[in-house]
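As written in Swiss-Prot, here are the features:
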BINDING   HIS94, HIS96, HIS119  Zn(2+) binding site
BINDING   THR198, THR199  substrate binding site
DOMAIN    3-259  domain 'Alpha-carbonic anhydrase'
MOD_RES   ALA2  N-acetylalanine
MOD_RES   SER29  phosphoserine
MOD_RES   SER43  phosphoserine
MOD_RES   SER50  phosphoserine
MOD_RES   SER55  phosphoserine
MOD_RES   THR73  phosphothreonine
MOD_RES   TYR127  phosphotyrosine
MOD_RES   THR176  phosphothreonine
MOD_RES   CYS182  S-glutathionyl cysteine
MOD_RES   CYS187  S-glutathionyl cysteine
MOD_RES   THR216  phosphothreonine
MOD_RES   SER219  phosphoserine
REGION    64-67  region 'Involved in proton transfer'
Amino acid sequence: MAKEWGYADHNGPDHWHELYPIAKGDNQSPIELHTKDIKHDPSLLPWTASYDPGSAKTILNNGKTCRVVFDDTYDRSMLRGGPLTAAYRLRQFHLHWGSSDDHGSEHTVDGVKYAAELHLVHWNSKYNSFATALKHPDGVAVVGIFLKIGREKGEFQLVLDALDKIKTKGKEAPFTNFNPSCLFPACRDYWTYHGSFTTPPCEECIVWLLLKEPITVSSDQMAKLRSLYSSAENEPPVPLVRNWRPPQPIKGRIVKASFK
């Protein structure tokens, strides 16, 4: 069996390029954001998300993260505007987190690591499938939201309450009637750049929209995320507590801000 990628020493981010050479490409994510080097681009528009809560389908534990999956067979839950020149369909969202509250995000802002990072993955509906979209530099748009420790977020609890049904790798449960825009911060200001998926195969097909304002979650809520296992039900238990990729070289890419 081929070696499976993961986050451990033997199969972690430093090894991904052995199986997926593009992981050492010129447009890899995440990156470190240095705000003094980022220019405001007045041509960047506001972005809008119109999500249909009925398009939420299931929540699953794939051994790498917890993921909420949406029906993307037609234009039900859409992302538009911002740096995007087309409408993008919501496919899934997932999270990255660390073993403690002081780290876990993949992108960093002026050296700051957040407790977690939420990724809402959308694909360009001008392509006929998600698989086709992956082959194009404008194929996918990801909205990234930082989670910092503070007050509990009630809307996030809806996701966390479902985790008991998907404790171990391979578990999936119904998860319906959920509008992920309830997880957005009040401020829609964003940074944008061209990058990649932060997990293998690390395809370089992503327009990133990273929201400047984090949302707050409680330390107890983060602990609930860490209660998941990366092991299957019949295997020795391995906690799912470190699933972030470190920042990658920016290699001359330009990051733009929608705000001054």
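Backbone N, Cα and C define each Cβ position, glycine as well.
Everything Swiss-Prot records as a feature, shown here on the structure.
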{"residue": "SER43", "record": "phosphoserine", "Cβ contacts under 8 Å, 6 or more apart": "none"}
{"residue": "SER55", "record": "phosphoserine", "Cβ contacts under 8 Å, 6 or more apart": "PHE70, ASP71, ASP72, ARG76, SER77, LEU90"}
{"residue": "THR73", "record": "phosphothreonine", "Cβ contacts under 8 Å, 6 or more apart": "none"}
{"residue": "HIS96", "record": "Zn(2+) binding site", "Cβ contacts under 8 Å, 6 or more apart": "THR65, GLY104, SER105, GLU106, ALA116, GLU117, HIS119, THR198, ASN243, TRP244, ARG245"}
{"residue": "TYR127", "record": "phosphotyrosine", "Cβ contacts under 8 Å, 6 or more apart": "ALA133, HIS136, GLY139"}
{"residue": "CYS182", "record": "S-glutathionyl cysteine", "Cβ contacts under 8 Å, 6 or more apart": "GLU155"}
{"residue": "CYS187", "record": "S-glutathionyl cysteine", "Cβ contacts under 8 Å, 6 or more apart": "LEU211, LYS212, GLU213"}
{"residue": "THR216", "record": "phosphothreonine", "Cβ contacts under 8 Å, 6 or more apart": "LEU147, LYS148, ILE149, GLY150, ARG151, LYS153"}
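Cβ neighbour count within 10 Å across all protein chains ranks THR199 highest among the recorded positions THR176, THR199, SER219.
When the recorded positions HIS94, THR199, SER219 are screened for a C-alpha within 10 angstroms of the C-alpha of SER29 (phosphoserine), the residues that qualify, in sequence order, are THR199. Every protein chain considered, the tally of other Cβ atoms within 10 Å of the Cβ of SER50 (phosphoserine) stands at 14.
Reduced to three states, the DSSP call for CYS187 (S-glutathionyl cysteine) is coil. Other C-beta atoms found within 10 angstroms of the C-beta of THR198 (substrate binding site) number 25, with every protein chain shown included. For SER219 (phosphoserine), the nearest neighbour among the listed recorded positions (SER50, HIS94, THR176), judged by C-alpha distance, is HIS94.
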